[in-house]
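All remarks here apply to the structure that follows.
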Amino acid sequence: MHRRAIYPGTFDPVTNGHADLIERAARLFKHVIIGIASNPSKQPRFSLEERVAQVNLVTAHLKNVEVVGFTGLLVDFAKEQHASVLIRGLRAVSDFEYEFQLANMNRRLSPDLESVFLTPAEENSFISSTLVKEVALHGGDVSQFVHPQIAAALKLKVAQIQLDKEGK
């Protein structure tokens, strides 16, 4: 347990599935960096600063976990953080093909960077940030999929989106 690992993602918002993988990674590695990508191409609902704060809230009890926002290539961020392992989550077989391609690209760009795949607990295997946002946007209750304060933040965000639509 000597390696520094990075669990990268957009975390828009952080879900119970993410939290499950972070807990697992924290048991496996000496130091885990949650790398929150700015990722403007995904048009996140929450700002980078909001997402960093949300993940800090969810991981506050884990002493070997650090949350850092970043822009640019993940392999460059990993080098800056002196990390030798990338943690990626696999919810279903359908995730594997994309993750396999990504792991090979990262290995080509940074040969010393290893990808490790973790699977969430069965009860979290279907949860994605995209689905959580869709449920919230349609007025559904997301409290079973995210931390209570994240559910409240999503509710406020949805209300703001609706106000913005009405104002146009």
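Glycine is treated like the rest: Cβ placed from N, Cα and C.
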Taking H18, H82 as the options, which does Swiss-Prot list with T10, F11, G89, L90, R91, E99, N124, S125, F126, I127, S128, S129, T130 at the ATP site?
H18
Can you tell which of T10, H18, K42, S129 has the least company, meaning the fewest other C-beta atoms within 10 angstroms of its C-beta, among these binding-site residues?
K42
Which one is closest to I127 (ATP binding site) in space, judged by CA to CA distance, out of the binding-site residues K42, L74, R88?
R88
Any idea of the Cα spread of the ATP site, T10, F11, H18, G89, L90, R91, E99, N124, S125, F126, I127, S128, S129, T130, as a max distance in Å?
18
Smallest number of other CB atoms within 10 Å: among the binding-site residues L74, L90, I127, that is L90
